[in-house]
Ligand SMILES: NC(=O)C1=CN([C@@H]2O[C@H](COP(=O)(O)OP(=O)(O)OC[C@H]3O[C@@H](n4cnc5c(N)ncnc54)[C@H](OP(=O)(O)O)[C@@H]3O)[C@@H](O)[C@H]2O)C=CC1
Ligand SMILES: Nc1nc(=O)c2c([nH]1)NC[C@@H]1CN(c3ccc(C(=O)N[C@@H](CCC(=O)O)C(=O)O)cc3)C=[N+]21
């Protein structure tokens with residue numbers, strides 16, 4: 001075992017470093033009279049969403065970004081929801097907004113995402129920005145995969161030519177992350193619930209990313225010695241603690257670098273949302 005050679009990522013410290021850098025930009029914008037405006041659309045009262053949104057508001061306040069929650073009833077109709085989005089699109093004072101997921105079943109998630117103005121798309125979830133990402137063009141991108149790429153870069157993990165395996169193909173993590181890794185010249189495999197003999201696939205990975213939503217899903221036998229392992233999972237235990245998708249105690253000693261949960265990818269997600277909000281505000285000022 002090479003346990004003494006394992007780097008454990010400190011996502012909170014890295015997020016703090018990036019936010020200190022971003023602070024300079026926010027201060028400079030404030031001197032021009034510009035305060036970045038972020039809106040978070042929340043539908044209902046999902047307890048996990050409450051925690052994430054609180055983290056986002058706290059971070060924004062610290063930076064001097066004006067972030068406000070647009071709170072909608074869990075029983076809102078599709079038509080009323082679309083009106084809210086149209087208002088946000090038309091409001092010239094709003095730089096960026098996001099619709100927190102999950103959404104209630106009566107809401108058509110694809111229609112909602114497609115209705116967001118791509119120039120205000122804080123999450124990079126709109127079809128237009130997804131298209132830009134898969135074409136390798138610039139634009140707003142989803143925060144969680146952006147945070148993962150920032151971790152890889154700041155910890156100087158080589159990506160070009162490496163074999164990356166992403167477990168999970170969601171719109172918010174797996175798919176955009178695969179595009180980002182591909183754009184950086186990794187050889188990317190997207191694994192999911194229909195993948196046959198998953199451990200054989202994951203053992204090939206130089207960079208293994210788990211975005212599954214199942215505690216302890218990635219076990220030591222699935223990991224190549226010396227691999228980089230990124231754990232995206234946020235799973236709540238019966239005792240109310242959060243745990244990732246990786247069996248950390250067993251897997252960490254085999255890895256060159258691993259992210260913990262909490263304090264791994266999660267804080268980076270919030271940091272990337274802030275960065276993107278500032279970027280979109282800068283673009284608005286540039287167009288004025
Ligand atoms: N740290 C952060 O900032 C964030 C954390 N998360 C966390 O990441 C995790 C994943 O979230 P999200 O991407 O939204 O998840 P989804 O539930 O949308 O997707 C899960 C993915 O895992 C795949 N999967 C499920 N079971 C298996 C299996 N047995 N073998 C292989 N693949 C499987 C599914 O495959 P299939 O498509 O075939 O069904 C699906 O693609 C969750 O724990 C979530 O809380 C999410 C967003 C941000
Ligand atoms: N439109 C949309 N965009 C999202 O980006 C989005 C979403 N919907 N729905 C849910 C997921 C999840 N997500 C997280 C944000 C912060 C932490 C976070 O701050 N985590 C901390 C604290 C964890 C805790 O204590 O719960 C940590 O991992 O250390 C985690 C997860 C964003 N998501």
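Backbone N, Cα and C define each Cβ position, glycine as well.
Quick look at what TrEMBL annotates:
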type	residues	note
BINDING	168, 169, 170, 234	NADP(+) binding site
DOMAIN	9-123	domain 'Tetrahydrofolate dehydrogenase/cyclohydrolase catalytic'
DOMAIN	142-284	domain 'Tetrahydrofolate dehydrogenase/cyclohydrolase NAD(P)-binding'
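Distribution of TrEMBL features across the structure.
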residue	record	Cβ contacts under 8 Å, 6 or more apart
168	NADP(+) binding site	174, 191, 192, 209, 210, 211, 212, 213, 232
169	NADP(+) binding site	175, 178, 190, 192
170	NADP(+) binding site	211
234	NADP(+) binding site	48, 242, 244, 261, 262, 266
Taking DSSP states H, G and I as helix and E and B as strand, how many residues of the domain 'Tetrahydrofolate dehydrogenase/cyclohydrolase catalytic' (9-123) are helix, strand and coil?
61 helix, 19 strand, 35 coil
Do you know which of the binding-site residues 168, 169, 170, 234 end up with C-beta under 6 Å from ligand 2?
234
I'm checking region-level scores; what's the whole-number mean pLDDT for the domain 'Tetrahydrofolate dehydrogenase/cyclohydrolase NAD(P)-binding' (142-284)?
97
